[in-house]
Amino acid sequence: MQKLRVFLLALAALCISCEAKYFATNCELVHELRRQGFPEDKMRDWVCLIQNESGRNTSKMGTINKNGSRDYGLFQINDKYWCSKTSTPGKDCNVTCAEMLLDDITKASKCAKKIYKRHKFQAWYGWRNHCQGTLPDISKC
């Protein structure tokens, strides 16, 4: 029991030290997406998707969906297919959902690209409902 208590305290301390990232502007987000290797020709789509899915906040956890699943992080990656709710990486992206909430978006970006490769932007309701034909101007970024 004592070992469990120590482990939980260490885990809590680790979580406190992990801060989520909020991208204050579209340009700040664009610079990070470029760093992550997102293609320029789809950049406006990615920015719009992220604005509408997570509000540019890596720590965003969606409400529980009708099917019992939940969406996580900047790209709102779903735990039914893509990330594992346990501490063991799994599902199609071989990551934990907790990793989707980190300020380092490397794993979340890789997973989002995998989702896009399979389903394009249609995989995200935020893009479907708000971005088709209405993309942000990022020309000054």
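Glycine too: its Cβ is placed from the backbone N, Cα and C atoms.
Note: Swiss-Prot links Cys27 through a disulfide bond to Cys141 (candidates: Cys131, Cys141).
Checking Cα-Cα distances from Asp71 (active site) against the recorded positions (Cys27, Cys48, Glu53, Cys97, Cys131) with a 10 Å cut-off leaves Glu53, Cys97, in sequence order. Taking Cys27, Cys48, Cys83, Cys97, Cys141 as the disulfide-bonded residues under consideration, the smallest Cα distance to Cys111 (disulfide bond) is found for Cys83.
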